[in-house]
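Undergrad: Okay, here's the structure, questions in a sec.
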Amino acid sequence: MTRFLILSAVLAGPALAGDTSPAQLIAGYEAAAGAPADAERGRALFLSTQTGGKPDTPSCTTCHGADVTRAGQTRTGKEIAPLAPSATPDRFTDSARVEKWLGRNCNSVIGRDCTPGEKADLLAWLAAQ
């Protein structure tokens, strides 16, 4: 019985990682914001230079680059897979991972948590790339 439970947990792990889609995430953030996503606002936020966050990460493009279909690079030199789902199909399919990274990166770049509307806008733009 114990072996069965362990095997079930191991087999369920990968299925749980892909618990969502970009469209589902956007819909959830739109509902929380009470407004539809705007991809153009997401593009503008992604490409803009911010002043509220860390000085060494003034923009999303600092690490991800302006072309989100290409790999980016962390400040330590580690490669970051492309943000665009067209280049990285499993991007934005794990809701916990999306929340973790949006939380970390919004605070690093903007100096605060992104609002649900900003998250919807960013994902709407990224999903279209």
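Cβ coordinates come from backbone N, Cα and C, glycine included.
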Undergrad: If you follow Swiss-Prot, the disulfide involving CYS106 connects it to which of the following: CYS63, CYS114?
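TA: According to the record, the bonded cysteine is CYS114.
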Undergrad: Which of CYS60, CYS63 (the binding-site residues) has the most other Cβ atoms within 10 Å?
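TA: The largest 10 Å Cβ neighbour count belongs to CYS60.
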Undergrad: Counting distance between Cα atoms, which of the binding-site residues CYS60, CYS63, HIS64 is nearest CYS106 (disulfide bond)?
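TA: Sorting the binding-site residues by distance from CYS106 (disulfide bond), the top entry is CYS60.
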Undergrad: Between HIS64 (heme c binding site) and CYS114 (disulfide bond), how far is it from one CA atom to the other, in Å?
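TA: Between the Cα atoms of HIS64 (heme c binding site) and CYS114 (disulfide bond), the distance comes to 17 Å.
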Undergrad: Would you list the other residues of this chain near heme c - those whose C-beta lies within 8 angstroms of the C-beta centroid of CYS60, CYS63, HIS64 - in sequence order?
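TA: Near the heme c site, beyond CYS60, CYS63, HIS64, sit PHE46, THR57, SER59, THR61, THR62, GLY65, GLY72, ILE80, LEU83, ASN105, VAL109.
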